[in-house]
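**Q** One structure, as structure tokens, below. Some questions next.
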Amino acid sequence: MTELLKISLPDGSVREMEAGATPADVAAAIGPGLAKAALAAKVDGEVRDLNRPFEGDAELALITSRDEEEALELARHDYAHVLAEAVQALWPGTQITFGPATDDGFYYDVKAPDSRDPFGMDDLPAIEEKMREIIKADKPLVREVWSREQLIEKWEAEGEVFKAEWAKELPEDEELTVYWSGEPGGEDSWLDMCRGPHLASTGKLDPQAFKLMRVAGAYWRGDQRNPQLTRIYGTGWLNKKQLNAHLHRLEEAAKRDHRKLGREMDLFHLQEEAHGSVFWHPQGYKIWRELEAYMRRKMDGAGYREIKTPQVMDARQWEQSGHWGKYRENMFVIPDEIPNTEDEGELVSKDADWMALKPMNCPAHVLVFKQGITSYRDLPIRLGEMGCCHRNEPHGALHGLMRVRQFTQDDAHIFCTEDQVVEEVRAFCKLADEVYRDFGFDYDVKLALRPEQRFGSEEDWDKAEQELRDAVAEAGMANDDYGWEELPGEGAFYAPKLEWHLTDAIGRTWQVGTIQGDRVLPERLDATYVGEDGGKHRPVMLHRAIFGSYERFIGILIEHFAGRLPVWLAPTQAVVATIVSDADGYAKEAVAKLEAAGIRVDGDLRNEKINFKVREHSLAKVPHLLVVGKREAEEGTVAVRTLGEKEQQVMSLDDAIAMLKDAATPPDLRDG
């Protein structure tokens, strides 16, 4: 008699099943409702297809739409496959590559047949219609294990150049899986190479819960030397209600787009002559300077000493630090040139002598620390820099202020003893909390743990990770109120890190602040201090930032506040606008008094209707408009219009100045 499999369920019960049984069989045995609702299964912690047989006794948790995170991941993966199937059905000869799920949808990279132009936006409606047809057909999604040779033969026979190339590089001993859409080998079946898992059939998707959004160029394997493909992006959800909510969020995000508002408010611009670098206009640079002054006050108060380090350093320094091997492709590298003695005036490169624009500030800060002899009594030493860095990001990855090539960090490094690490991290947690609260952000705290590729011993990593856990616990943040979570494999190559994820006004999250404890870089760059025993010891180096980069943080602020920045940050805090020319003299007097009080103010004395002026300054997001006419001039008053409010307040000029001074006071300088 065949021994039955013991399948343990989350409620503690155990189901006995015949050999060859699947999670779908367990769901059906429990009840028809669950059998219908089940989308996939978690078998011994691994997400699998519902119809994949158990391999022995197992722990089983069935995934339904209530398990939203896992359900969305599965659905989006399936939408990507349906997209590729639809494109090949509509345009035979299309070559497919790969298409993953993303944070809010999916994409697939494809190459159009030579007989037509690359796919464009005009093709999306037809693709969507074909996708709905495939979904409504409720085609089974069937997993099979193939050999490497089978895969290569299949893709070469069908002219799938990209898939064949990929298959040839797969390890011979790896279990290789394909998925059929439709009965395997059937007339209307479609095949793709994929690890899975997938839903049981295309009909498990909602045909009204996805939308194709855009197309973009992409290179095979992300290499510009390879053929160009078309990346088709879509968004996918579990139901139409979720899709509509997402599209509404996108509409709201478009209104808040920092690139659009940056133009309207005349803050900055970008252009092709300086890919990934920002041209700050006077209005935008006022925001920058306010943030910089704010951060300097916070860092001065927390015991940091500001330094300034070189933009360019010898490649040997980056080799020694380990960055050359890890970041070389993302560094701007230039030859260290000397005069050519044979042809005076021309420049040639010395062999193997290269310089690089710094992609980060850390090695330079170690070099500052190493100047002179440091005693344990001097520690901790906190070195801060508004450090300008450069990273050679691909053109396609650049995005306004959010992803740039030249950026400035509120960077700092703390050199301390082993015994000081937890207290320094705890103090940083407190400082970060103060800053984010000053800007009105809620946030989550995450711990990014060791990646597969890393420097340092396991003992060092164990210690560094535990120190961060202890510090967060002491700061009172290791709980659900702060969204505490550990992220395996997400740490830097030299250290684990704490991450701060801000939530903006429309619910999006932005990872900004970090702190990481590093024992690798001090070792590689031979940083030491003299201990109490008179011997040399390695300091622990804590890398930390709060804004992350000024460019990105300003972009986040613009979108979070939809351009309506807090008064203390607004480039122009008030405009005095006249109704009639008779009030010009009084308006100039008001502007002078406001400037004397430290308010950033302009006067608008143009011969234009007041409604025109109101609209113009509202578009520029000026927080307060002080309207003056003949009566106000005679009475020494102003009519104050606050951005976003319908009613205006009439008050004396002195009261208006007092109100604006209070509103314009940075949060860290307020009493109480």
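For all residues, glycine too, the Cβ spot is worked out from N, Cα and C.
According to Swiss-Prot, the feature domain 'TGS' maps to 1-64. Under the heading region 'Catalytic', Swiss-Prot lists 257-566, citing sequence analysis as support. Annotated Zn(2+) binding site per Swiss-Prot: Cys362, His413, His543, in sequence order.
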**Q** Taking the Cβ of His543 (Zn(2+) binding site) as the reference point, list residues of the same chain whose Cβ is under 8 angstroms away and which are at least six residues distant in sequence.
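**A** When sequence neighbours closer than 6 are ignored, His543 (Zn(2+) binding site) has Cys362, Asp411, His413, Ala495, Lys497, Thr514, Ile515, Gln516, Asp518 within Cβ distance under 8 Å.
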**Q** For the domain 'TGS' (1-64), how many residues does DSSP put in helix, in strand and in coil?
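**A** Output for the domain 'TGS' (1-64) reads 14 helix, 21 strand, 29 coil.
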**Q** Looking only at the domain 'TGS' (1-64), report the model's average pLDDT.
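**A** That region's mean pLDDT is 92.
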**Q** Report the residues of the chain - excluding Cys362, His413, His543 - with C-beta within 8 Å of the mean position of the site's C-beta atoms, for the recorded Zn(2+) site, in sequence order.
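**A** Residues close to the Zn(2+) site, other than Cys362, His413, His543: Met360, Asn361, His365, Val366, Asp411, Ala412, Asp518, Leu521, Met541, Leu542, Arg544.
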